[in-house]
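Annotated features, as they stand in Swiss-Prot:
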TOPO_DOM  1-48  topological domain 'Extracellular'
CARBOHYD  Asn22  N-linked glycosylation site
TRANSMEM  49-75  transmembrane segment
TOPO_DOM  76-84  topological domain 'Cytoplasmic'
TRANSMEM  85-105  transmembrane segment
TOPO_DOM  106-120  topological domain 'Extracellular'
DISULFID  Cys119-Cys196  disulfide bond
TRANSMEM  121-142  transmembrane segment
TOPO_DOM  143-163  topological domain 'Cytoplasmic'
TRANSMEM  164-183  transmembrane segment
TOPO_DOM  184-208  topological domain 'Extracellular'
TRANSMEM  209-231  transmembrane segment
TOPO_DOM  232-251  topological domain 'Cytoplasmic'
TRANSMEM  252-273  transmembrane segment
TOPO_DOM  274-294  topological domain 'Extracellular'
TRANSMEM  295-315  transmembrane segment
TOPO_DOM  316-360  topological domain 'Cytoplasmic'
MOD_RES   Ser347  phosphoserine
MOD_RES   Ser351  phosphoserine
MOD_RES   Ser352  phosphoserine
MOD_RES   Ser353  phosphoserine
Amino acid sequence: MEDFNMESDSFEDFWKGEDLSNYSYSSTLPPFLLDAAPCEPESLEINKYFVVIIYALVFLLSLLGNSLVMLVILYSRVGRSVTDVYLLNLALADLLFALTLPIWAASKVNGWIFGTFLCKVVSLLKEVNFYSGILLLACISVDRYLAIVHATRTLTQKRYLVKFICLSIWGLSLLLALPVLLFRRTVYSSNVSPACYEDMGNNTANWRMLLRILPQSFGFIVPLLIMLFCYGFTLRTLFKAHMGQKHRAMRVIFAVVLIFLLCWLPYNLVLLADTLMRTQVIQETCERRNHIDRALDATEILGILHSCLNPLIYAFIGQKFRHGLLKILAIHGLISKDSLPKDSRPSFVGSSSGHTSTTL
């Protein structure tokens with residue numbers, strides 16, 4: 001997720017005393033630093049054209065899936081639930097990130113040719129998506145916990161509170177992504193492709209370690225603990241209760257946690273190993289460095305895939321989304337109204353009984 005910025009005439013002073021062989025938040029060492037690195041990389045990147053194809057597929061799937069999610073939620077004004085609002089914001093975050101994927105894909109082949117302004121903008125969108133997406137997932141788990149375990153929506157049903165929570169998530173995400181906006185720019189150097197990267201002056205090493213800790217804590221560990229706590233108690237309640245749709249609810253909840261872990265756990269484990277190596281807790285060798293660099297490239301792709309899987313997890317699994325989409329198609333005369341399910345309702349998140357929602 002990081003790129004590199006520096007003036008070519010400040011190379012030695014800028015990197016004095018820092019290990020040049022390894023820093024990357026989600027990618028390997030920029031090409032123009034390879035000659036200065038103490039370790040000669042065996043293979044620093046996955047085949048770039050393969051990565052471009054993956055980015056293109058994720059872009060198309062995310063664009064289509066998240067657009068449909070937003071369309072169905074916006075059409076469902078009457079029965080829109082709290083979780084619908086969170087899903088709307090989640091789809092928006094993933095959609096904004098998807099719009100940057102063509103630029104990132106092009107940079108994999110040609111280097112960064114888009115200038116400093118786009119360097120800052122697309123990097124900011126990528127960081128904001130990273131933070132806001134996972135924080136919204138945590139909010140959804142809290143909403144499910146309150147609805148099923150405590151059978152209440154007294155707090156979360158207040159519209160002004162839900163809007164405040166969503167605005168707070170966007171604000172916090174922008175705050176956490178602010179260093180990217182401040183420090184990223186484009187660097188041009190002889191004999192290598194231009195790149196988009198951070199430039200933090202003489203304190204680059206210390207700042208980067210701080211920025212490494214932030215995404216691991218706020219972007220993964222804290223939301224994961226919240227999700228495990230909320231969904232753990234939710235599953236226990238569903239096992240004890242006699243709810244008609246509890247098996248469907250359990251499948252959806254398991255899918256939520258499983259996909260989240262599959263997409264983000266490998267990357268964060270590799271990132272943790274990389275952090276321990278930088279702080280000398282784990283001895284660094286060239287072989288270990290090369291393995292971690294390749295692992296960061298591979299596991300980053302899993303994280304990117306999560307943005308196009310969200311519509312499948314939170315919408316397509318639920319029949320209410322399909323009903324809502326069919327209603328939109330019927331309204332515009334694309335299908336017959338006779339094909340609509342009789343129990344089709346505006347909200348696609350799940351079925352409710354009283355104050356308790358039993359599916360995601």
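Backbone N, Cα and C define each Cβ position, glycine as well.
Quick caveat, the model's predicted, so the values are computed rather than measured.
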> Which has the fewest other Cβ atoms within 10 Å: Cys119, Cys196, the disulfide-bonded residues listed?
Replying inline: Cys119
> Over the topological domain 'Cytoplasmic' (76-84), what is the model's average pLDDT?
Replying inline: 76
> What else in the chain is close to the transmembrane segment (209-231), if you only count residues 6 or more beyond its ends and a Cβ gap under 8 Å?
Replying inline: 25, 130-131, 134-135, 137-138, 141-142, 144-145, 176, 179, 253, 256-257, 260-261, 264, 268, 271-272, 275, 278-279
> Cβ pairs under 8 Å with the transmembrane segment (85-105): which stretch of 121-142, 252-273, 295-315 has the most?
Replying inline: 121-142
> What are the DSSP helix/strand/coil residue counts across the topological domain 'Extracellular' (274-294)?
Replying inline: 14 helix, 0 strand, 7 coil
>> Is it possible to list how many residues within the topological domain 'Cytoplasmic' (76-84) are helical, extended or coil according to DSSP?
In response: 3 helix, 0 strand, 6 coil
